[in-house]
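Listed features, source Swiss-Prot:
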| type | residues | note |
| --- | --- | --- |
| ACT_SITE | GLU102 | active site, proton acceptor |
| DOMAIN | 108-385 | domain 'Radical SAM core' |
| DISULFID | CYS115-CYS390 | disulfide bond |
| BINDING | CYS122, CYS126, CYS129 | [4Fe-4S] cluster binding site |
| BINDING | GLY207, GLU208, SER239, SER262, LEU263, HIS264, ASN347 | S-adenosyl-L-methionine binding site |
| ACT_SITE | CYS390 | active site, S-methylcysteine intermediate |
Amino acid sequence: MTALPVTNRDTLPNLYDLSLAEMERLLTDWGQPTYRARQVFRQLYVNLADTPLAMTDLPLALRERLANETRLAPVTPEQVQTADNGLTRKALFRLPNGALVESVLMIYLDRATVCVSTQAGCAMGCVFCATGTLGLLRNLSPGEIVAQVVWAAREMRRLAGRPPRPTMRQPEDDAWWSPDDLENDAPSVPEVSSVSHVTNIVFMGMGEPFATYDRWWRAVEIIHDPRGLNIGARSMTVSTVGLVPGIRRLATETLPINLAVSLHAPDDDLRSALMPINRRYPLAVLLDATRDYLAATGRRVSFEYVLLQGKNDEPEHAAKLAALLRGEAGPAGLPLHLVHVNLIPWNPVPGMPLGRSERRRVLTFQRILRERGIACTVRVERGVAIAAACGQLAGGVAC
């Protein structure tokens, strides 16, 4: 990445960084009544205005001052790619200083989910992930996180004005097929998506959210605000590689955000080889924090498990994973009614000497877990053809 010079506009306050209370303070400092802040907030997140000059319920002088003394960034992606008949849309954003981040909008029959990035690059170094090859370039500001959701909301509003579009019916839990199957003879039927707005957010894009917890959480609060985007807390999911302090902190928050933990191995030796963070927070420590989280919140945790051909997808790996979660191998077990394993066949990343698990191995792994009382599904990936699937985001950079 070539760093770009920071301009004077880049140093102006980003309106997407501000909560409603902070916006009220800004505008009252300008001599405006507090209700003006509510108008601006509504324009940003309900009307989805892309410039203060479009906020026509404000006095012209205030619109001009907002345009001159604040900014909205990033507003427009540099590139949008589509896949899955337009139902998957990946946006590439360029941030001040030139850093690139990606977001993915996935439209389903009954929901629209946006996968959001929290960092440009990532320092975690998981060996199967494209983002990790970049290293950490920088953390995103709260507003740069929020802006990705605003982009997705605009996309949904724009698409809602078109004729009904086909979507793919979700498969039964036992069904799984490859991306090639999806393009050729996918087990899907034409349906009409009735969704016209973003319904779900997954913080599973580029970066580790808990490594920039304060900024990420400020974004969550802005996104959740019922006077704006109004995305319910239970409709948001955050994924972590296993930063234990973040898991413990999330357990104390008032908003019930869903938690997903990237596991990917049933023992410390293999997990440390795949995920360097395991050397800092080994499985016993991670499961202890997860157990405390479950006790404090009563909310289900999803364990994500990327299946790598011949690395972590053997039947003995499945049996060891079940034993780990049940408490039969070292750490005390977890309450299984609050545990869900999400199997993810690895999505190819150019230059990585890894393989995607074959279908039969995936289904065998799933069967072994289920036979041992572990709830388990296989993720049907979206956007593989445009490098928008799990583990493929690299900010438009060829790996």
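The backbone N, Cα and C atoms fix where each Cβ goes, glycine too.
Projection of Swiss-Prot feature records onto the structure.
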| residue | record | Cβ within 10 Å |
| --- | --- | --- |
| CYS115 | disulfide bond | 28 |
| CYS122 | [4Fe-4S] cluster binding site | 26 |
| CYS126 | [4Fe-4S] cluster binding site | 20 |
| GLY207 | S-adenosyl-L-methionine binding site | 30 |
| GLU208 | S-adenosyl-L-methionine binding site | 28 |
| SER239 | S-adenosyl-L-methionine binding site | 21 |
| SER262 | S-adenosyl-L-methionine binding site | 26 |
| LEU263 | S-adenosyl-L-methionine binding site | 27 |
| HIS264 | S-adenosyl-L-methionine binding site | 26 |
| ASN347 | S-adenosyl-L-methionine binding site | 20 |
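Within 10 Å of CYS129 ([4Fe-4S] cluster binding site), judged by CA to CA distance, lie the following recorded positions from the set GLU102, GLU208, CYS390: CYS390. If you compare Cα positions, GLU208 (S-adenosyl-L-methionine binding site) sits closest to CYS122 out of the recorded positions CYS115, CYS122, CYS390.
Using a 10 Å radius centred on the Cβ of GLU102 (active site, proton acceptor) and all shown protein chains, the other Cβ atoms total 28.
When the Cα of HIS264 (S-adenosyl-L-methionine binding site) is compared against those of the recorded positions GLU102, CYS115, CYS126, CYS390, the shortest separation belongs to CYS126. Proximity note: of the listed recorded positions (GLU102, CYS115, CYS122, CYS126, CYS390), CYS390 have a CA within 10 Å of the CA of ASN347 (S-adenosyl-L-methionine binding site), given in sequence order.
Here the CA atom of CYS126 ([4Fe-4S] cluster binding site) lies 10 Å from the CA atom of SER262 (S-adenosyl-L-methionine binding site). For CYS390 (disulfide bond), the same-chain residues 6+ apart in sequence whose C-beta sits under 8 angstroms from its C-beta are MET204, VAL306, ILE344, ASN347, ARG379, GLU381.
Those residues noted as binding S-adenosyl-L-methionine (GLY207, GLU208, SER239, SER262, LEU263, HIS264, ASN347) have their most widely separated CA atoms at a distance of 19 Å.
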